[in-house]
Amino acid sequence: VTAYMSKESSYDASIVEAAKYGKKVMVLDFVTPTPQGSSWGLGGTCVNVGCIPKKLMHQAALLGQALQDSRKFGWHFTEEVKHNWMTMTESVQNYIGSLNWGYRVALRDSKVTYENAYGEFVGPHTIKATNKKGIEKLYTAERFLIATGERPRYLGIPGDKEYCISSDDLFSLPYCPGKTLVVGASYVALECAGFLAGLGLDVTVMVRSILLRGFDQDMANRIGEYMKDHGVNFIREFVPIKVEQVEEGTPGILKVTAKSTTGDQIIEGEYNTVLLAIGRDPCTRKIGLDKVGVSINEKTGKIPVNDEEQTNVPYIYAVGDILQDKLELTPVAIQAGRLLVRRLYAGATTKCDYVNVPTTVFTPLEYGACGYSEETAVEKFGEENIEVYHSNFWPLEWTVPSRDNNKCYAKIICNIQDNERVIGFHILGPNAGEVTQGFAAAIKCGLTKEQLDSTVGIHPVCAEVCIQSHLKVTSKSCIHGILG
């Protein structure tokens with residue numbers, strides 16, 4: 001028997017994979033409601049309150065921009081065009097519901113036992129499952145896979161849990177959020193701020209320090225400038241210290257008091273909705289890991305594992321966002337889960353490769369990345385050993401409506417000492433994820449600048465900027481400017 005404790009999409013892949021090999025499999029999946037009462041169905045964070053609804057709402061915002069562009073392409077419409085929040089959320093939730101049902105069917109067809117219950121270790125090879133009615137059952141298993149994921153962090157200030165929402169609430173919010181304050185500078189914060197502004201809402205982002213920590217800061221700052229140019233307000237170096245309700249309603253009115261991170265200045269502002277996106281915490285502290293001796297990082301709650309996703313307790317494994325020093329990306333968790341099951345039950349030896357994993361941030365100007373940021377490349381290889389090739393570009397589709405000339409940008413980072421092997425790929429522009437996915441495969445195969453230059457481009461597409469002679473060398477002084 002293999003038991004799965006999960007709130008993440010990764011378990012679906014590994015569960016079905018294990019069942020294929022004739023194993024008796026059970027999954028425990030339970031969503032603790034948010035302070036605002038939001039919960040969701042089977043499928044994990046990505047499907048219900050992450051990648052899927054985020055990308056669909058990002059698309060809603062892009063369609064708004066496309067409507068504006070369409071006039072220059074000859075489309076004429078006399079009716080006033082406006083967005084309806086409820087129509088969008090209902091459509092998005094209907095699609096998510098179909099995915100939830102699909103997962104249920106897949107588990108049933110694979111003869112997997114599914115319990116909508118909260119799992120907690122109570123002893124060796126033993127787990128307690130508590131359903132929403134409080135009924136408890138004990139189960140034993142040969143092995144366990146933990147894929148419980150993370151949940152949004154709160155500020156710990158007066159009024160945060162009473163009046164603020166998180167991304168766990170936003171995608172099913174039963175009313176238009178209105179004037180919104182987004183607190184945080186993570187990819188979740190900027191993605192949500194971006195599509196809310198794209199839907200025509202008044203959006204402010206309150207930033208404690210830098211944008212997109214952990215990402216290339218040159219690219220992060222370009223994203224910030226683009227969002228600012230497109231109507232998103234930024235309050236820099238402030239953090240909220242109190243949230244008060246001024247008026248009830250859907251939405252109501254909230255007063256936010258914030259303090260400077262560099263001095264004693266206090267500011268106040270009124271908003272309809274306050275969205276907290278200041279980070280996420282692993283769901284590892286309340287699942288009884290101490291009762292079976294599984295080590296966790298006491299500061300972060302993350303679980304250390306070896307290169308086979310095995311914890312310090314040999315029969316307990318973990319994948320996904322809860323792992324220490326690993327990428328927090330759904331496809332990584334899915335890959336790790338599948339490969340783990342194949343090693344355990346099919347005699348395979350392939351391990352998950354956590355190097356050169358591509359990702360995309362779905363801000364209004366999409367950002368695709370694979371490999372090293374410029375800062376980390378300089379730190380690891382030395383400034384004298386890297387060459388940076390870069391270029392601004394203007395998508396053909398944007399030329400007719402005459403917008404955002406040369407705001408898109410591509411950057412390739414090469415290791416001079418290794419035959420100018422590409423060690424970092426970064427692009428800002430439409431469909432950045434689609435562009436990055438292909439280049440990621442090439443980078444994994446050891447792509448060099450010479451090979452990139454010898455590739456024939458497809459014309460006229462955005463990805464064309466990344467090959468042949470379109471990219472210019474960044475001067476060393478420019479690198480200093482970016483890093484400084």
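Cβ atoms here come from the backbone N, Cα and C positions, even for glycine.
Cβ contacts within 10 Å of HIS459 (active site, proton acceptor), excluding its own Cβ and spanning all protein chains shown: 7. As annotated by TrEMBL, active site, proton acceptor applies to HIS459.
Positions annotated as FAD binding site by TrEMBL: LYS55, GLY119, ASP321.
A 10 Å cutoff on Cβ-Cβ distances gives GLY184 (NAD(+) binding site) a total of 26 other Cβ atoms nearby, all chains included. If you look up TrEMBL, you'll see GLY184, ALA185, SER186, TYR187, VAL188, ALA189, LEU190, GLU191, GLY279 marked as NAD(+) binding site.
Contacts of CYS51 (disulfide bond) defined by a Cβ separation under 8 A and a same-chain sequence distance of 6+ are given as THR330, in order along the sequence. Under the heading disulfide bond, TrEMBL lists CYS46-CYS51.
Annotated domain 'FAD/NAD(P)-binding' per TrEMBL: 16-337, in sequence order.
The domain 'Pyridine nucleotide-disulphide oxidoreductase dimerisation' annotation in TrEMBL covers 357-466.
Break the domain 'Pyridine nucleotide-disulphide oxidoreductase dimerisation' (357-466) down by DSSP state and the numbers are 41 helix, 33 strand, 36 coil. Comparing Cα positions, CYS46 (disulfide bond) lies closest to VAL188 out of the binding-site residues SER186, VAL188, LEU190, GLY279. Counted within 10 Å of its Cβ, the other Cβ atoms near SER186 (NAD(+) binding site) come to 20, all protein chains included.
Mean pLDDT for the domain 'FAD/NAD(P)-binding' (16-337) in the predicted structure: 96. Considering only the residues assigned to FAD binding, LYS55, GLY119, ASP321, the longest pairwise Cα distance works out to 30 Å. Between LEU190 (NAD(+) binding site) and LYS55 (FAD binding site), the C-alpha separation comes to 13 Å.
Ranking the recorded positions LYS55, GLY119, ASP321, HIS459 by the distance of their Cα atoms from the Cα of VAL188 (NAD(+) binding site) places LYS55 first.
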